[in-house]
Amino acid sequence: MSDKILDGKFLSQKLNSALKNSIEQLGKKRLPKIAIIQIGNNSASNKYIKNKIKACNDVGMLNTLIKLEENIKENELIEIINKLNNDETVDGIILQLPLPLNINENKITKLISPEKDADGFSPITLGNVILNNSNIFPATPFGIIKLIEHKQINIVGANVVIIGRSNIVGKPLANMLINKSATVTVCNSKTKNLSKICKAADILISAAGSPKFVNKKFVNKKMTVIDVGANFFEGKYCGDVDFKKVYPIVKYITPVPGGVGPMTIACLLQNVFQLYKNKNSNQ
C-alpha cells in the first residue's frame, strides 16, 4: 500500500492484537464484557454490529447482543439500561444508533452509566473529554487521532479544519485536538468560503456525510486528509472525499473503506478494556 495511505485496517489489527494479548494475560480473572443494544433491524446497523461482535470475539472479549423491537416503549428500554448499569459482569454498554423516532436519544444516552459508557457519548464523559480529564473517548475521534499520531504527523500547532459539528465526531474531536495544542476550525454546511478555509489547513477532517464533497479545490500538497464519511453513492460505498481526484495532490489520506471505520471499532474495544481496568482499580 502507498506510503500516502493512512491504513486504518492495518493499525486496527495491530491494536486488536495488543488487546488480545492483554486479555489473555488476565488468566483466570473475570474477562471484560460488552453489551450491545440494538433497536429495530436497520441494515447498516446490522453490518456495524456484526463487525463489532467479530472484533470482540477475535480479541477474546465477552459480548452480548440485546436485540429489541422497533416499537419498544421508552420505559422498557430504560429498564434494560438500568439492569445493565447494575450488572457487575458488564463493563461497557453500546447503544447502536440511530434510534427509532419514538425514543429520545439525548434522554437515553444520559442514562448509560459513565462507568460503562463505551461509546463515550454521555454528557459526563464528554465533559471530562473537554476538560482533558478522561481516559475514555468517543471512538471515532479516538481512532482518528491514533491514525494521525501513528504516522507521526505533527498535531501540535497544526492548523486543523473539521467539516461537521456532530456530537459524535465534530465537537468531541475538536476539543480533543485543542487539548493536543492544535489550532482548530470547525465548519458546517453554512460556512462561507468553505473550500478556501479548507485549502489552508495542515489537516482536513471531513465528517460532512456527503459523498465526494471534498474535491481538489479543498486541498493542498502538504495536507493530511481524514475521510470520516460513510456514504452510498451510485451503488458503491464511499466517503466524503473524491478520492481519485484528491489522492494525487495531498501528502496523506485515509481510504474508504479501510480508514477510519476499522479504527472506530478498535478504539471502542480499547474503551471497554479501559472501563474494565477503571472498575478493577476502584475495587
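Every residue, even glycine, has its Cβ placed from backbone N, Cα and C.
Some features that TrEMBL has for this protein:
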- 6-119: domain 'Tetrahydrofolate dehydrogenase/cyclohydrolase catalytic' (DOMAIN)
- 138-279: domain 'Tetrahydrofolate dehydrogenase/cyclohydrolase NAD(P)-binding' (DOMAIN)
- GLY164, ARG165, SER166, ALA230: NADP(+) binding site (BINDING)
Recorded NADP(+) binding residues, GLY164, ARG165, SER166, ALA230 - maximal Cα separation rounded to whole Å: 16
Position of peak Cβ density within 10 Å, selected from the binding-site residues GLY164, ARG165, SER166, ALA230: GLY164
Secondary structure content, the domain 'Tetrahydrofolate dehydrogenase/cyclohydrolase catalytic' (6-119) (per DSSP, counts of residues): 56 helix, 19 strand, 39 coil
Secondary structure composition of the domain 'Tetrahydrofolate dehydrogenase/cyclohydrolase NAD(P)-binding' (138-279) [DSSP: H/G/I, E/B, coil]: 54 helix, 28 strand, 60 coil
